[in-house]
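Here the structure comes first, spelled out in structure tokens, and everything after it is commentary.
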Amino acid sequence: MAPTLGFFPVVTLVVLSGFPAAVSSRRDVLELGDADFDYLATEHETMLVKFYAPWCGHCKKLAPEFEKAASRLKGSVQLAKVDCTTNSETCSRFGVSGYPTLRIFRYGKDSAPYDGPRTAEGIYETMRRQTGPDSMHLKTKDDLKAFVNNHDASIVGVFSGTDSPRLAEFLKAATLLREQFRFAHSTNLQLAEEHGANSECVLLFRPPRLANAFEDSIVIFRDYLTIGSLRRFIRDHIYGLCPHMTIENRDRLRVRDLLTAYYALDYHHNIPGSNYWRNRVMKVASKYVGRGLTFSIANKKDFLLELEEDFGMGTSDGGELPFITIRTRLGHKYTMREEFTRDGASLQRFLEDYFAGRLKRYIKSEPIPEKNSGAVKVVVAESFDQVVNDPDKNVLIQFFSPLCPHCKKLEPVYGELAETLRSDPKIVIAKMNALANDVPLGYDVQGFPTIYFAPVGRKDEPVRYQVRHLSAYPRPEARWTSATVLDEVSAGQASETEVKLSLQQAN
């Protein structure tokens, strides 16, 4: 979600159950506003609402996916939208601070933020799980067989009776986690017996299409059951040794250091072919269990743009062989340039080099400028440490997009600031194209422009600066000074996440 920087309007996303009178003539997405939001929202059990701004790039990208999902969910969950540029009261009431913000409502009450994927398929699957019971009641073996024969993993609790305290705890967990996982329960202990359990337990069934010879398809949880212990069990076992990474689950997988093999994967039409390369990855991966690196496979077509932009994958890397990358939770990136061999030997060499620290990180960067004599210093990823992390300089760094109109409006103001402070040898005013360069760890850039201050002695704790309104830009008669820019920092306020840029009027 893109945060609201100083000049961004606020937007939020909401989804509502259907109300025919409010349906757009062209879409299945409800259009709500200050006048009718509360009235319409209370009519629906489950809603997903989109608070947006018409000019917002992230909102424009989401719009077609949102509309496709709305059509598929019609009759079960209704999606809706609120234009925050004309309905500021509603957006403010729900604390909208970025574009777009998605929230789930139940009978008009704000229930939870929507943290799921933002593709049509991902929205559909996530919101479909918001309907019906938190946990499906299974009575027979046929019920169990039908439930676990699914594209996703399944968590099934088997208990001795409806009065079991473990069942009550299981149902609480299902209520909290239903958006992420599929739950079912049974009071027929015989359902667990054929899977090696003869008492109350929780069975985790991995997707049938991912069955393999390197790990069990079913994992049994027999420990003391609490919401926390069940959550940890699911987290540690649901994906197995080498899960299928998709657009929808990538964020959950990337909380750890992750190796991914990208190739022409298609589990809908070619399960054996999809598992051919996966089995070869798993054979090698099984030798590195417990080393702090997780493994996954993904359909190369689904991630082409990301591979090109984040890993420099070119046309020569587009053959049938897997393209191997590592992305750590700290944002470090590595690629295997040696051709993937069918015996897995090249992958093993790549991993040995990785664990030995012999691999060179891949960094997306523009060339370092040959001339950089302007008042505003141009920074690229390759020169970021040299310029911004200079231990003797206080550096103000603006992350911008060449396409951003707000950045263009800020440019003359930022240039004036740089010219004013140019004579101060301890201050550097800089900028970096965040679309063409990797943004370093510690700088949260999800909207443009984003401005940070990296002070001397605190390079690992950069401070975000925020201009709240365009009117905060200096008038022609105003001037910037090093004293006013550094005033709040020197006053001990640098720990604040948002610090207003200071202006001092000319005498």
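Placement of Cβ uses the backbone N, Cα and C atoms for every residue, glycine included.
According to TrEMBL, the protein carries these features:
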{"type": "SIGNAL", "residues": "1-25", "note": "signal peptide"}
{"type": "DOMAIN", "residues": "15-132", "note": "domain 'Thioredoxin'"}
{"type": "DISULFID", "residues": "Cys56-Cys59", "note": "disulfide bond"}
{"type": "DOMAIN", "residues": "341-494", "note": "domain 'Thioredoxin'"}
{"type": "DISULFID", "residues": "Cys404-Cys407", "note": "disulfide bond"}
(request) Take the C-alpha atoms of Cys56 (disulfide bond) and Cys407 (disulfide bond) and report the distance between them in angstrom, rounded. (result) 14
(message) For a quick check of packing: other C-beta atoms within 10 Å of the C-beta of Cys56 (disulfide bond), how many?
(response) 21
(request) Between Cys59 (disulfide bond) and Cys407 (disulfide bond), find the distance joining the two CA atoms and give it rounded to the nearest Å. (result) 19
(message) I'd like the per-state residue tally for the domain 'Thioredoxin' (15-132) from DSSP, helix first, then strand, then coil.
(response) 40 helix, 30 strand, 48 coil
(message) Among Cys404, Cys407, the disulfide-bonded residues in question, whose Cβ has the most other Cβ atoms within 10 Å in this structure?
(response) Cys407
(message) Using a 10 Å radius around its CB, how many other CB atoms surround Cys59 (disulfide bond)?
(response) 22
